[in-house]
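Enquirer: This is the structure, below, for whatever I ask next.
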Amino acid sequence: MPDYRSKTSTHGRNMAGARALWRATGMKDEDFKKPIIAIANSFTQFVPGHVHLKDLGQLVAREIEKAGGVAKEFNTIAVDDGIAMGHDGMLYSLPSREIIADSVEYMVNAHCADAIVCISNCDKITPGMLMAALRLNIPVVFVSGGPMEAGKTKLASHGLDLVDAMVVAADDSCSDEKVAEYERSACPTCGSCSGMFTANSMNCLTEALGLSLPGNGSTLATHADREQLFLRAGRLAVELCQRYYGEGDDSVLPRNIANFKAFENAMTLDIAMGGSTNTILHLLAAAQEAEVPFDLRDIDRLSRKVPQLCKVAPNIQKYHMEDVHRAGGIFSILGELARGGLLHTDVPTVHSPSMADAIAQWDITQTRDEAVHTFFKAGPAGIPTQTAFSQNTRWPSLDDDRAEGCIRSVEHAYSKEGGLAVLYGNIALDGCVVKTAGVDESIHVFEGSAKIFESQDAAVKGILGDEVKAGDIVIIRYEGPKGGPGMQEMLYPTSYLKSKGLGKQCALLTDGRFSGGTSGLSIGHASPEAAAGGAIGLVQDGDKVLIDIPNRSINLLVSDEELAARRAEQDKKGWKPAAPRARRVSTALKAYALLATSADKGAVRNKALLDG
């Protein structure tokens, strides 16, 4: 049986100095026989998804210590993509994922912790911690801060979210009073933004990967029920330590739980619920850390057979995460996928022997457990707050309508093919991705004229300045991981296209990425990126581009000979923007760009460069 990792610094005469320091943190003689469990918290007052996490690390710590462990909390950074968006701050968002992963590794390995409880929530924090957990491969439990309640206003018949505020602000026909009302109403509580954006998508995927408890992705941040997830996570971390270190059961290690089948399950869920395209980027990165051979071709294969069973904002205005929870949360979607023969149910989870066992216990259409039904009735209170667990509102009934409800059965799917697709062609030889859940069927096949912008800033200026017309395909390039650097999100350009009435009349292609709040014919992650010699860097104004989602293709309608001539010319000039950009690129960002790979590899570091 493996020794506690922490014995490195807690046992032996020569560790007297280290033990003296441990004692200074409050440890006693008896504590040196217990597992040391790191709590990676991500509390910050900058981010609504994390503003309520301040005391939750110690909540978990107390539960760990009651269960027989020693808890030690530390913090990571957390960037708010919504606040960082639309200016140079967005250059730091994706690179922060690597910083978070590294910081968790640094703290856990420097202090020889035996296990981790990861308290995450928003866009890059859950992926960063997931990468670290799979890199370290010690017992781990994820528990996130939970989703925000949807906003309410008398000016709209549907729930509001961040994207609604952005769209009305850019719509010249909306009064200042309406914009102000949406601004004040869109984000009413603490928690990750209320739709199926990147943060909520990733927190849902941790359930499918088997690394978090049921309800982690859908239980509202404000609801009292969420406290139980934190308490159970603390107890579970100690239990996993006992099974691994005490009994030699390595099935509890994250790489043995999040194996190839589990990654397929996570991607299957993502496709079925129309999650953010960013999840593709993060799952590819996590798979590399887990040494799982899961790549873009696997995602392409799954996208062709998995139907869309759930539609949530921004793909539809009617439903938000609180509605997903009322419909039974993630395990109800997993249950429908399992009944459709689309899920691996023999994989283990941190809380159940198998996914099949977990579905039987937690799918509201299978279980008769009244406690489970009560749990999924947890609903919004509609009271603005920044306090976790501050309300106990219940829906009067569950949404178990699998024909016309929020979550559908395979037989009543929103669409036969899922909400995400991978496209290939001469403009993206290594692939690009589109959230089909947010694309109107009338433009699933679209041919248009390229309108070139060498940066997001230039595109925003062009769209707001009416340079983009119906039938155009907006090309935003040199915004990839290396070229940005940092692979900015393009939520502003897509929102402004909507506000200009062009949401169903234009397309957008970029080597950058999109916010989970994006909808419309928005194609990102074009690989190779322009800065790496990708063909997106060869497109010229007026070129025709054909997008064909049903056939999973995207092609620049230019001859191979012409492309070869353009490539030879570009090689001479160097792969950089044709127009200068007023962009501050710090040493930290330059270091990131030096090692960054294109999006088809998850935008992770190029290990070949590091290994020499």
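Including glycine, each Cβ sits where the backbone N, Cα and C put it.
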Enquirer: Could you look at ASP80, ASP81, ASP164, ASP171 and say which one Swiss-Prot places alongside ASP123, LYS124, GLU489 in the Mg(2+) site?
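Expert: When Swiss-Prot describes the Mg(2+) site, the candidate it includes is ASP81.
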Enquirer: Measuring CB to CB from SER515 (active site, proton acceptor), give everything in the same chain under 8 Å that is also at least six residues away in sequence.
Expert: ASP81, GLY82, MET85, PHE197, THR198, SER276, ASN278, GLU489, MET490, LEU491
Enquirer: Look at each of the binding-site residues, CYS122, CYS193, and point out the one with the fewest other Cβ atoms around it within 10 Å.
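Expert: Output over binding-site residues CYS122, CYS193: least Cβ neighbours within 10 Å is CYS122.
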Enquirer: Applying the rule Cβ within 8 Å of the centroid of the Cβ atoms of ASP81, ASP123, LYS124, GLU489, what extra residues of the same chain belong around the Mg(2+) site?
Expert: VAL79, ALA84, SER93, LEU94, CYS122, THR198, ALA199, ASN278, SER515
Enquirer: Within its own chain, what residues at least 6 apart in sequence put their Cβ under 8 Å from the Cβ of LYS124 (Mg(2+) binding site), listed in sequence order?
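Expert: Set apart from LYS124 (Mg(2+) binding site) by at least 6 residues yet with Cβ under 8 Å, we have ALA78, VAL79, ASP81, SER93, LEU94, SER96, ARG97, ILE100.
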Enquirer: For ASP123 (Mg(2+) binding site), which residues in the same chain are close in space, meaning a Cβ under 8 Å from its Cβ, but six or more apart along the sequence?
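Expert: Long-range Cβ contacts: VAL79, ASP81, SER93, PHE197, THR198, ALA199, MET202, ASN278, GLY516.
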Enquirer: Hey, what's the Cβ neighbour count for ASP81 (Mg(2+) binding site) at 10 Å?
Expert: 29
